[in-house]
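As written in TrEMBL, here are the features:
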- 31-56: transmembrane segment (TRANSMEM)
- 63-83: transmembrane segment (TRANSMEM)
- 103-124: transmembrane segment (TRANSMEM)
Amino acid sequence: MLILEILVLIVLIAFIANGYRSGAIETLGRVVGAVVGFIVARAYSGALSYVLASFLPEQWADIAAFIAIFFLVDQAIGMLFRLAERVLKILTRLPILKQLNEYLGAIFGFFEGVVIIGGISWVLKQSGGIEGTQVLNQLRVVDYIDTVFEKVIVKLL
């Protein structure tokens with residue numbers, strides 16, 4: 001269990017580091033894309049799941065539909081923010097704004113990690129019967145992430 005806890009922490013730290021490197025605008029776009037993608041996938045994955053159920057087992061069709069819709073929405077919104085980031089890139093080269101951009105990117109990276117890890121946890125727990133969900137329920141780090149994730153998503157729904 002400890003190894004899985006450490007692995008989840010490493011993934012969360014990777015999101016923070018990626019946010020720091022990418023900057024505030026691009027990382028904010030990924031956070032917004034992930035949140036909106038989660039909400040849209042939650043609302044519309046049932047219809048796609050129905051189509052996929054003719055090719056896949058029902059539980060896997062649910063997960064595949066959710067992931068497909070989430071990914072498409074996330075990428076579309078992320079693309080818009082990447083365009084905005086390119087336009088504003090010249091401002092982020094100024095020393096003080098560069099540091100602010102990096103630090104805000106790290107903070108947004110933390111939230112991106114919470115949304116992604118929490119979303120994966122939520123999908124696996126909702127699908128039921130998938131092996132490994134019992135282990136997921138026992139991880140303290142995932143439990144903390146789920147708590148933050150649920151508070152953020154519930155306020156947005």
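Backbone N, Cα and C define each Cβ position, glycine as well.
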Residues from the same chain, set at least six apart from the ends of the transmembrane segment (31-56), whose C-beta lies under 8 A from its own: 62, 64-78, 81, 108, 111-112, 115-116, 119, 152-153, 156-157
Beyond the flanks of the transmembrane segment (63-83) by 6 or more, those residues with Cβ under 8 Å of it: 25-26, 28-30, 32-34, 36-38, 40-42, 44-49, 51-52, 56, 119, 123-124, 127, 130
